[in-house]
Amino acid sequence: MEGPEIKAVEAVIDNGSFGKRTLRFETGRLAQQADGAVAAYLDDDSMILSTTTAGSSPKENYDFFPLTVDVEEKMYAAGKIPGSFFRREGRPSSEAILACRIIDRPLRPLFPHTLRNEVQVVETVLAVNPDDAYDVIALNAASASTMISGLPFEGPVSGVRLALIDGQWVAFPRWSERERAVFEIVVAGRVVENGDVAIAMIEAGAGKNAWHLIYDEGQTKPDEEVVAGGLEAAKPFIKVICEAQDELKKIAAKETKEFQLFPEYTDELYARIDEIAHKDLDEALSIAEKLPRQDRIHEIKEHVREVLADEFTDMDDAEKDKELGNAFKELQRQIVRRRILTEDYRIDGRGLRDIRTLSAEVDIVPRVHGSALFQRGETQILGVTTLNMLKMEQQIDALSGPQSKRYMHNYEMPPYSTGETGRVGSPKRREIGHGALAEKALVPVLPSREEFPYAIRQVSEAIGSNGSTSMGSVCASTLSLLAAGVPLKAPVAGIAMGLVSGDVDGQHIFKTLTDILGAEDAFGDMDFKVAGTSEFITALQLDTKLDGIPADILAAALQQAKEARATILEVINECIDGPAEMSEFAPRIITTSVPVEKIGEVIGPKGKMINQIQEDTGAEIAIEDDGTVFISSEGGEAAKKAKSIIDSIANPHVPEAGETYNGKVVKTTSFGAFVNLTPGTDGLLHISQIRNLANGERIDAVEDVLREGDTVEVIVQGVDDRGKISLAIPGFEDQENNARPSRGDRDDRRGGRGRGDRDDRRGGRGRRSDRDDRDFDDRDDRPRRRRSDDFEDDYDDRPRRRRSDDRDFDRDDRDDDRPRRRRSADRDFDDRDDRDARDSRDDDRPRRRRSADRDDRGDRDDRRGGFRGGRGRGSDRNPRYATDDNYDDYRADREERTERPRRRVRRDFDPFED
């Protein structure tokens with residue numbers, strides 16, 4: 001089957017020892033109904049679909065060019081399912097918004113500014129290698145799709161990311177390679193008529209490991225000369241990609257369509273306004289203060305409107321008012337630019353290199369962890385720092401690159417900062433971009449996680465705006481971070497540079513401005529923001545209204561910015577020269593480490609142990625996979641307490657006899673209470689010891705004296721071979737616990753009711769032969785029943801009892817007069833009369849109740865109500881004392897009875913088992 005005709009071109013990027021990268025543009029297969037559609041591939045591994053579409057008709061009442069750039073991150077591109085509730089993509093991420101800005105800024109100046117048809121560029125990320133960033137690929141794809149769309153576009157423009165790695169500028173570096181980057185720079189530009197590359201956009205910053213690489217490994221410092229060299233290094237790569245786009249245009253571009261352009265004003269209207277208002281505007285544009293200047297300009301505009309009310313009657317009122325506003329604004333622009341180019345005179349009277357009045361102050365907001373106010377002229381920034389546990393660092397659901405960050409910089413500019421009203425709430429693209437730039441400027445000087453184990457949120461509130469609030473945010477953030485006690489490696493300052501270009505006496509000249517005002521930003525050709533320490537640059541951003549700026553002009557602007565940066569750093573150092581003491585309201589975080597195999601013990605089943613530690617101490621605990629533990633609390637005392645508990649779990653101390661503890665009751669039973677001595681270590685305080693807390697009086701239940709959660713002072717009475725700990729009340733440690741001794745290998749009864757492992761019968765009554773409170777000496781003359789120790793004395797004198805495999809079960813030939821013991825084989829359990837015959841006993845002893853007529857046994861799950869907590873009250877076992885009224889008689893009778901031999905019972909038979 002015949003398919004669509006696919007056309008493709010390639011651009012090969014040679015990085016020398018770092019290998020080659022191939023950027024391929026393909027069109028004809030996808031999105032065939034868009035005006036322009038290009039699929040861009042990087043090494044056939046990452047794929048971006050770019051489409052450019054224009055509206056069929058111009059937008060009415062628009063006085064600007066309506067260009068929209070959108071980036072659609074598809075999670076399937078990285079083999080992921082979206083983490084949202086509905087499991088589908090939603091609002092764009094911050095990374096997508098920053099990519100939109102990188103694309104929009106170099107594209108917008110290349111369209112006619114009088115075009116009013118809406119143009120939309122959509123970048124869809126279809127596939128991405130986790131080791132590659134997609135933003136620069138999308139920038140090149142956007143230019144390519146616009147080039148073939150038939151729109152009036154003065155392209156191509158192309159972009160490249162360079163990273164300074166081991167002294168070499170590497171194009172399209174991978175994320176793994178960027179770990180060793182001292183500096184990264186994204187440069188976009190276009191080839192001009194003389195074959196040179198004019199730079200249209202810059203976004204740059206030092207690497208997050210730059211400080212270590214520079215000062216510990218001796219790598220190249222990204223100062224002004226090095227960064228200028230990076231701009232030059234980008235030109236060959238930009239030229240190669242632009243040539244590929246030109247080739248694609250030749251083979252696949254549509255014919256350029258005719259679009260209606262809307263001039264902002266007529267030449268006649270501009271000349272008339274210049275005649276009326278030039279002198280007044282010239283004076284008004286010399287007023288230094290922003291608001292008085294704006295008020296005076298508004299008065300002049302109203303005067304012009306009144307004068308022209310009866311003129312230009314061929315235009316309707318709305319059209320006339322719009323053109324009047326555009327022409328009036330253009331007149332202001334020309335006055336400001338002319339004075340700068342010819343007189344080196346600026347609006348507020350400063351020279352080209354002068355900085356406005358500076359002021360800095362810290363600790364102006366109570367209770368917050370750190371705060372500062374930085375003011376430059378009428379630009380005023382409030383910086384606020386918040387510290388917290390590392391578990392509060394931001395998790396990023398990105399297609400590639402870092403998945404978390406511990407330093408988060410949020411920039412906010414409310415409408416009142418310019419004396420206006422407007423929407424407040426969620427951040428706009430501009431606010432996200434400014435916050436990212438300020439964040440980029442400060443990341444290289446932050447302490448490492450090991451040096452300062454905190455998540456840091458920095459908020460910059462632009463509460464007054466008249467030029468370069470983003471660079472003011474960098475200065476305010478430095479002050480605020482130091483005030484919060486963050487040990488920055490060096491203070492950082494930022495400055496915004498401007499540019500005005502034009503022809504003077506037949507020569508095209510450029511004038512660079514330091515610390516631009518808002519009006520100079522609006523009327524100038526460039527907004528060039530530079531941030532850094534006293535020794536190197538940490539962040540750069542360039543936006544321009546020109547088609548491009550020569551690299552040598554930018555290099556000179558970098559040197560001019562360095563002078564201004566040094567002046568601002570002096571003011572910062574005078575205000576605060578180092579990290580202050582941390583606020584009393586800031587959490588104190590201490591660290592410890594546990595062996596990886598002990599992490600489970602610290603956390604406990606379902607987090608029980610770690611939650612208990614946090615509840616008991618009030619500290620917050622976070623454990624990393626390598627066993628590093630971060631503990632946080634206000635004031636630090638709770639954190640120290642939690643650390644000691646965690647250390648005791650990781651390196652447990654086994655309690656020894658004689659040691660005293662203030663333990664917490666964690667469980668009560670019928671035979672005693674379990675007391676927690678150290679995390680994960682409990683001991684048993686027997687009920688006989690608990691009586692000592694009640695002045696030795698008898699207690700019916702442990703809960704009458706101790707309850708779960710109570711604290712009790714105990715002493716370790718002993719530790720058996722299996723690590724079971726017996727506790728006592730101090731002063732009574734020599735008192736023996738009245739616990740039932742071992743009956744074979746019976747282990748701990750606290751679990752199931754198994755009968756094979758019963759060494760520890762805590763809380764039971766012991767075996768019959770060992771019940772100390774029975775006195776059998778005063779009984780009648782009946783021969784005592786032999787106990788187990790009697791059998792040892794005459795064992796050798798008795799005939800060996802035949803085992804089941806060699807004895808004759810017919811015992812009719814026995815040599816004694818005892819009736820033979822009936823075997824289960826010949827018992828007729830249906831004959832109830834034979835059983836009743838046994839009730840006619842020849843003594844006065846009450847017959848032993850059989851299981852058939854023991855009505856009171858019932859459900860024995862709760863055995864705490866019985867006498868001595870194990871087998872029911874004696875009155876329940878002897879019908880003679882069946883009522884509670886006779887209980888005292890029962891006790892007295894027991895004291896008078898003589899010892900009788902223990903009745904032999906098979907070892908595996910317990911008549912009181914359920």
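Each residue, glycine too, has its Cβ placed from N, Cα and C.
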Query: Which of these ranges is annotated region 'Disordered' in Swiss-Prot: 407-427, 680-700?
result: 407-427
- prompt: Restricting to the same chain and to residues at least six past its boundaries, which positions have a Cβ under 8 Å from a Cβ of the region 'Disordered' (407-427)?
  reply: 291, 380, 393-394, 434-436, 438-439, 442-443, 446, 455-465, 469-470, 473, 477
- prompt: Hey, of the binding-site residues listed (ASP521, ASP527), which one tops the CB count within 10 A?
  reply: ASP527
Message: I'd like to know the mean pLDDT over the domain 'KH' (587-646).
response: 88
